[in-house]
Amino acid sequence: MERLRVVGGARLSGTVRVFGAKNSALKLMAATLLAPGESKITNLPAIADVDYMAELLTRLGCSVKVNNELHEVIIAVPKKLGHRADYDLVRKMRASINVLGPLIARELVAEVALPGGDAIGSRGLDFHINGLKDMGAEIHSEHGFVIARASNGIKGAAITLEFPSVGATENIMTAATLATGRTTIDNAAREPDVVDLGEFLIAMGAKITGLGTHTITIDGVKELKPATHATLADRIVSGTWAFAAAMTKGDITIENGRVDHLEVPLDKLVEAGAVVTTTSNGFRVKMDKRPIAVDVATLPYPGFPTDLQPMVIALNAIAEGTSLVTENVFEGRFMFVNELLRLGANIQVDGHHAAITGISELSAAPVAATDIRAGAGLVLAALASDGITIIEDAYHIDRGYPDFPVQLQSLGADVTRV
Ligand code: UD1
């Protein structure tokens with residue numbers, strides 16, 4: 001397994017460029033299945049998950065050309081698609097489940113292996129399944145697969161989600177684009193990724209209103225056409241750089257970063273003592289003292305994103321004062337805390353609360369990344385420790401952060417693959 005070697009103590013400074021969001025790009029790629037012909041996704045991040053999704057689409061019959069230099073992918077979608085997504089690929093990334101909506105809409109049948117993805121707690125599919133059932137699909141699970149069939153076609157329905165799930169909103173929205181009649185999704189996810197996907201679907205000819213609000217309305221159309229779309233900039237990668245600046249007494253300009261997608265996390269950084277300013281095409285985060293501890297509760301967008309929770313725990317671990325971080329989205333996300341304890345952090349976990357007492361410096365030690373964001377959080381913690389930290393299972397980080405060690409080096413950090 002690949003490891004990262006991080007030397008603590010550097011003050012990160014300089015400019016980093018942020019590309020498209022993993023959580024948008026993968027969904028945009030899956031949505032191209034809705035229209036035969038050639039679609040193009042630009043501003044693509046060069047990450048491992050893009051290659052997994054390319055392989056998945058290839059197995060469904062598409063011809064996929066990823067160009068990492070140009071940051072784009074061209075996907076030629078055939079008139080007749082395969083309908084089976086196998087476990088060997090699906091287990092590698094949760095976003096594979098996003099082929100379910102497009103496949104059931106186009107082929108009226110889909111067999112998708114139950115997904116794996118990050119080890120961040122139980123990640124059910126009941127909202128996806130109940131929504132598609134309301135639209136006329138018959139769904140059961142068999143031998144590790146979700147098997148969905150809509151022999152009488154997909155029909156519009158009024159659906160209320162129990163929780164504003166990102167994935168369920170996306171699968172229901174994509175399936176609804178080719179349904180007969182109107183679908184409404186109440187308590188829909190409002191994440192920018194969902195809006196980005198919706199805008200791509202509109203470019204393909206879908207009729208969708210209410211993106212970014214609690215209620216999305218989709219009027220089904222007979223067919224969609226291929227389209228070209230630029231992936232939205234990655235707010236979680238941008239946010240990670242913002243925390244990196246705040247934790248290393250650094251000064252980082254984040255090109256393409258969107259402050260409007262990071263209002264709560266950036267407010268928290270200001271509360272912690274950072275100075276955040278907007279630039280002509282992004283924003284800048286500067287910190288010249290030890291951070292002050294901040295209380296945070298993760299929530300669906302526009303709340304504090306669960307994907308930045310490891311970063312705020314890492315910041316609080318070296319901050320002045322005590323803080324409480326509450327995880328409301330994924331129950332298993334505190335696994336990361338055990339790794340921080342190895343670095344000497346003072347954290348008590350009780351259920352979905354973590355109480356953190358900041359210490360002035362962490363103590364370098366071998367640790368392991370348990371998921372993409374935990375991995376990035378560990379890199380930040382390692383940068384704020386007193387020696388050399390080896391991070392095992394660093395492949396997780398490559399799934400979400402393009403060229404992370406290279407970008408860190410360009411900001412003055414000593415981070416290498418070993
Ligand atoms: C997506 C993101 C992930 C991010 C999360 C929340 C991708 C590939 N991943 O994950 O990085 O952390 O949004 O912003 O885009 N749930 C159910 N039943 C369901 C669906 C979800 O119980 O059918 C629960 C989950 O277990 C979790 C919560 O709802 O506790 C939120 O999950 P959801 O918003 O669906 O997250 P993902 O789409 O999996």
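Easy rule for this one: first residue shown is 1, then count along the chain.
Heads up, the Cβ atoms here are built off N, Cα and C, so glycines get one too.
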### Query
Per TrEMBL, what member of Asp126, Asp134, Asp295, Asp307 joins Arg94, Val329 in binding UDP-N-acetyl-alpha-D-glucosamine at one site?
Asp307
### Message
Fewest other C-beta atoms within 10 angstroms of its own C-beta: which of the binding-site residues Lys22, Arg94 fits that?
### Response
Arg94
### Task
Which residue among the binding-site residues Asn23, Asp307, Val329 has the fewest other Cβ atoms within 10 Å of its Cβ, if you could check?
Val329
### Query
Between Lys22 (phosphoenolpyruvate binding site) and Arg94 (UDP-N-acetyl-alpha-D-glucosamine binding site), what C-alpha distance do you get in Å?
12
### Asn23 (phosphoenolpyruvate binding site) versus Arg94 (UDP-N-acetyl-alpha-D-glucosamine binding site) - Cα distance in angstrom
10
### Task
Could you measure between Asp307 (UDP-N-acetyl-alpha-D-glucosamine binding site) and Asn23 (phosphoenolpyruvate binding site) for me? Cα positions, answer in whole angstrom.
11
## Note on the structure
Val329 (UDP-N-acetyl-alpha-D-glucosamine binding site) and Asn23 (phosphoenolpyruvate binding site), compared by Cα position, are separated in whole Å by 16
